[in-house]
Amino acid sequence: MDNSHDSDSVFLYHIPCDNCGSSDGNSLFSDGHTFCYVCEKWTAGNEDTKERASKRKPSGGKPMTYNVWNFGESNGRYSALTARGISKETCQKAGYWIAKVDGVMYQVADYRDQNGNIVSQKVRDKDKNFKTTGSHKSDALFGKHLWNGGKKIVVTEGEIDMLTVMELQDCKYPVVSLGHGASAAKKTCAANYEYFDQFEQIILMFDMDEAGRKAVEEAAQVLPAGKVRVAVLPCKDANECHLNGHDREIMEQVWNAGPWIPDGVVSALSLRERIREHLSSEESVGLLFSGCTGINDKTLGARGGEVIMVTSGSGMGKSTFVRQQALQWGTAMGKKVGLAMLEESVEETAEDLIGLHNRVRLRQSDSLKREIIENGKFDQWFDELFGNDTFHLYDSFAEAETDRLLAKLAYMRSGLGCDVIILDHISIVVSASGESDERKMIDNLMTKLKGFAKSTGVVLVVICHLKNPDKGKAHEEGRPVSITDLRGSGALRQLSDTIIALERNQQGDMPNLVLVRILKCRFTGDTGIAGYMEYNKETGWLEPSSYSGEEESHSESTDWSNDTDF
């Protein structure tokens, strides 16, 4: 909780922060409370801090007073800052003077209210140690009293940079600096929202280091929308540019600084090269599906960054379909494929792939298993399919804790370079999580999967089950699949780019005929029946079918068959 703005207390001096370890980011206020501008931790005053505040004595320093330093009593004088390239006239205009107290020289910056009264000062010695006098509150801006509205105002981190910009503009145009530096830029700018809103443009000329760039992003978010410009300098800050002969570059930024654009928003005008590169990249060209050309006609394939949902009733051919696509993409197209088949062991997955590749149902034939081991074909088949290290499998049968699974999928993409990852199936991930709210769990998981696919450019194929209909025939008996039949959360259909449904009547007179229906395709907008495939019991493949009968004749067959082995 940030209470630093609500208190009438005044800032005393900087102290170390026990929470984040900053040596001087923490601030002690007159009522004893502290606030760290680095980690933003607010701590209420206790007896210890109240006692320190009452003494107002920073470590190694001299007792301070609530009163500002008097120009005459402090042997004050206005002087050019020759080492900084700043004239006496500029210092006098801004209220930046030299004091000599107890034989020690100080630079003093007067902070004034809009009536011109000095309310606080920032005092700096030759070793760059700072302290303040008076009521140095969170809205402190050096030079604020000089300007009231206009076309542009420049905001710098420190007083020296502010004086530099004033010098180059002959003290004619608005410029201020942050009273508490870059670490408090957001708080200072937020506290001065109405003041900054008087200007048409607000130019943030912060330091070019990491802290300065971070401060720009934080401050810009709390300033009037559409008015913020960001200066980019060739040196660390405005004064360093001035000392190195880059005055022209400073003024160029005053007049032509680019607008601040928040993360996530880009100008289309800036995308020419990115679009040119994308048009010729593999991500913009779809990976084609096998088994049914109509899928490609309606979807134009699967593109990088897309989530492809495959669904059907139980035992309808989902796993066979995705294994077939994996084999096609890995062998014919040379893509690297990751498979997380959570309902089977990696041995079973590999055996099915070997069988498909050689057009035999290897796992279902004990005699064939023995034969290829004895005659040496196993090694030949294995090397032909896996010798080029194209396929990578998730080796944790029935273990699908969400974060662990996502970490493994991320490794498949970033560490192994997989172009396609297949997840079979999403329901087992949800059931393994232990969450009581399945809908919420699917929402979170789909959001993470979508973000993963989009951010990495991988094609992510996910298998999803269907919910049981309330009445009427089951999906396993040829019931057409609707996009609302996906089991779980609406996120399944909302976050998927393409949804492919497989339909067949396991008990009909054509139990091996599979209707392919496109329920959604974000890329083309095309939906509907894509065609038919037929399961070949000899080869284990879903092959293109010339069947072109009406959908009703496919879905309403009433004969029964026991062949449900997919």
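Quick reminder: no glycine exception, Cβ is built from N, Cα and C everywhere.
Per Swiss-Prot, the feature Zn(2+) binding site maps to Cys17, Cys20, Cys36, Cys39. Per Swiss-Prot, Mg(2+) 1 binding site is recorded for Glu157, Asp207, and the stated evidence type is sequence analysis. Taken from Swiss-Prot, the feature Mg(2+) 2 binding site covers Asp237. What Swiss-Prot lists as ATP binding site is Ser312, Gly313, Ser314, Gly315, Met316, Gly317, Lys318, Ser319, and the listing cites sequence analysis. The annotation domain 'Toprim' is assigned in Swiss-Prot to 151-238. What Swiss-Prot lists as domain 'SF4 helicase' is 281-548, and the listing cites sequence analysis. Taken from Swiss-Prot, the feature region 'Disordered' covers 543-566. Marked as region 'Binding to viral DNA polymerase' by Swiss-Prot on the basis of experimental evidence: 550-566. Under the heading site 'dTTP/dATP binding', Swiss-Prot lists Arg361, His465, Arg504, Arg522, Tyr535, citing sequence analysis as support. Here Swiss-Prot flags 17-39 as zinc finger, drawing on experimental evidence.
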Per-residue pLDDT averaged over the region 'Binding to viral DNA polymerase' (550-566) comes to what?
43
Cys36 (Zn(2+) binding site) in three-state DSSP notation:
strand
Whole-number Å value for how far Lys318 (ATP binding site) lies from Arg522 (site 'dTTP/dATP binding') (Cα to Cα):
21
Which residue among the binding-site residues Ser312, Ser314, Ser319 has the fewest other Cβ atoms within 10 Å of its Cβ, if you could check?
Ser314
For Gly313, Gly315, Gly317, listed as binding-site residues, tell me which one has the smallest number of other Cβ atoms within 10 Å.
Gly315
Validating a neighbour-count step here. Other CB atoms within 10 A of the CB of Glu157 (Mg(2+) 1 binding site): how many?
24
Measuring Cα to Cα, how many angstrom lie between Arg504 (site 'dTTP/dATP binding') and Met316 (ATP binding site)?
7
Quick check on the recorded sites Arg361, Arg504, Arg522: which one has the highest count of other Cβ atoms within 10 Å of its Cβ?
Arg504
From the recorded positions Cys17, Cys36, Glu157, Tyr535, pick the residue whose C-alpha lies nearest to the C-alpha of Gly317 (ATP binding site).
Tyr535
Counting across all protein chains shown, how many other Cβ atoms sit within 10 Å of the Cβ of Cys17 (Zn(2+) binding site)?
21
Is any of the recorded positions Cys17, Ser314, Lys318, Arg361, His465 within 10 Å of Glu157 (Mg(2+) 1 binding site) (Cα-Cα), and if so, which, in sequence order?
none
Cα proximity to Ser314 (ATP binding site), best match among recorded positions Cys17, Cys36, Cys39, His465, Tyr535:
His465
Which one is closest to Cys39 (Zn(2+) binding site) in space, judged by CA to CA distance, out of the binding-site residues Asp207, Asp237, Gly315, Met316, Lys318?
Asp207
Going by DSSP, is Tyr535 (site 'dTTP/dATP binding') sitting in a helix, a strand, or coil?
strand
Are any of Cys17, Ser312, Gly313 (the binding-site residues) within 10 Å of His465 (site 'dTTP/dATP binding') when you go C-alpha to C-alpha, and if so which?
Ser312, Gly313
